[in-house]
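Annotated features in TrEMBL:
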type: BINDING; residues: A:ARG107, A:LYS147, A:152-158, A:182-185, A:GLU190, A:HIS213, A:266-267; note: ATP binding site
type: DOMAIN; residues: A:111-296; note: domain 'ATP-grasp'
Number of protein chains: 2
Amino acid sequence: MTEPLRTGATIGILGGGQLGRMLSVAASRLGLRCHIYEPSDNPPAGQVADAVTTAPYEDAEALGRFARSVDVVTYEFENVPTAALDTIEEIVPIRPGREALRISQDRLTEKTFLRDLGLQVAPFADIADTGALAQALALIGTPSILKTRRFGYDGKGQARLQDAQDAATAYAQMQDQPALLEGFVDFSFEVSVIAARSSAGEVACFDPGENVHKDGILRTTTVPARLNAAQRTDAVLIAARILNALDYTGVLGVELFVTPAGLVVNEIAPRVHNSGHWTQNGCVVDQFEQHIRAIAGWPLGDGSRYCDVTMENLIGDDMDRVAALSAEKNTAVHLYGKVETKPGRKMGHVNRITG
Amino acid sequence: MTEPLRTGATIGILGGGQLGRMLSVAASRLGLRCHIYEPSDNPPAGQVADAVTTAPYEDAEALGRFARSVDVVTYEFENVPTAALDTIEEIVPIRPGREALRISQDRLTEKTFLRDLGLQVAPFADIADTGALAQALALIGTPSILKTRRFGYDGKGQARLQDAQDAATAYAQMQDQPALLEGFVDFSFEVSVIAARSSAGEVACFDPGENVHKDGILRTTTVPARLNAAQRTDAVLIAARILNALDYTGVLGVELFVTPAGLVVNEIAPRVHNSGHWTQNGCVVDQFEQHIRAIAGWPLGDGSRYCDVTMENLIGDDMDRVAALSAEKNTAVHLYGKVETKPGRKMGHVNRITG
């Protein structure tokens, strides 16, 4: 893929949730079609896509048909099974590339990669068994967090250790999956940088946003974040170093802890990110279009921030507030088309222009 | 329909062009699905809709199935055949309502309606035959324009008369269709007001935009328009008077000639309008979402303009400029997914933030 994709070309998206939905809408602005691949029925992204394949990631035949019907494949989540990626990649390019997926699918690999880049990360140790946990606790101490190496999101697969006596309970929660112990970082707050790299290697970052989590789930992102000029520069340089090291094409989310000793990388996500939703109402080109531009071989768009925004996630029963929110001034409502409301389920978000 | 439509509800859209496409995207932001009804294959709107019916407007059975599958019907063009509307309206509400369609489908009815509201319009006369044309020319004089009463758009179905000797040639161009003679209005420039009225009767107008046409097709719309405060107020009052007189629900485009003697209404369109595309990058809630909000029973959104924008249509070969445009600062590219480029065909538009 050396030429930019033109009107009529099709982007394949693995995963049909809200990120896929908003990617599909962004692709349509550029004249491009989307084909969604998703195991579950009636995916939110399918409501605004040109085609949908409903099949499991183990169905090589369906994956092959899907791959042959599109010009490039991207994904809305990093835990796509490796075999599915192998099948697809024989037929059509995957953007962002496999290396970014390999690294971000495993917290240990990710932490090691970041540390080897010279970036600050929390102290960490591989936990293969209870013996390793005891040894790691002696080094890293408490408070600390035990996390499964794979398949964690929104605080799932994590156990907090307040002291060494919590070790057995925490380890049991890992259910014999490979795990990682992370030391506690005493941070003031968390920011994230939504960074993009084009296929030609240009890099552009959206302004860092300040995140507030509750119960392990992102609640709000506010721009501008409370960063000074030096911190702002550091944040962008860190993101750019990661993008270049991965020879990355697309949008990447980087979560950073702000500490007196500088910025500590919490985690990276090789995709559009919940903390970048504010860009839909704060920039001419938002994170979704920026990702589509990158993977479609277009130049990056203008992601300069032109106003102050607070993004608030609508989770579960927050949907009861939609009637009131829809009448608020300076407020954009974004809903995901999910009919069933469940506690902890991301149903939509609002972007409030605050200045 | 007294309750606002919620996530999972479906909006039916008659017409699958770019306006339907951008309406469908706006509906998705509010969690709503769209079902497109369009006679021709592969409509641009179908690429971002939940369902598409491909059938002619004469197919009562297909219309019935379509109407039963949706919660409300709207349209992207005003020339929907009356019989099709009758079939649909027996099953599901049509928004905006039939009166607005009846009036805007016929230039004579429209001009009469506007004049009877006390608004300034160009002098006009019903032209049923060549005798009527001779009489009307004696009254209205030249330069003037002969227009078919129905089915005209983008300058089609129009003939200009520089003097009375042009009468026979101009009349022949009407091909025996009922026509209307319009006197020439000596105007400085044209503006349009994109106005919205909710089902509860609230009215909101986007800031008037200044239009430049070429060969009968809109080329650019610029906000702010060169209007003084009094003209700006007049423009909004005119639009509101029309909306209220029609007991209108949805977005309406009003084209106004700016003259030393005040604002003269050129024409109205009971739908989202090309001259309102700038709102996509100039407002928190754009004309497409405003229309969906109104017909879905939601409150109107915040359509305040927060920056200066020039919208430029990409017509025919303008598509060759997309590569260059996509690299411009402060520029949002919007393409319609039309693979075949034809002279005069609207392929997309760009919104340039100018301040």
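Cβ atoms are placed via backbone N, Cα and C, with glycine included.
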When you measure from the Cβ of A:LYS156 (ATP binding site), which residues in the chain that are at least 6 apart have a Cβ under 8 Å away? A:GLY216
Around A:GLU182 (ATP binding site), which residues of its chain at least 6 apart sit with Cβ under 8 Å of its Cβ? A:LYS111, A:ALA122, A:PRO123, A:PHE124, A:ILE140, A:SER144, A:ILE145, A:LEU146, A:LYS147
How many neighbouring Cβ atoms, not counting its own, are there within 10 Å of the Cβ of A:ASN266 (ATP binding site)? 20
So what's the mean pLDDT when you look at the domain 'ATP-grasp' (A:111-296)? 95
A:ASN266 (ATP binding site): secondary structure state under DSSP, collapsed to three categories: strand
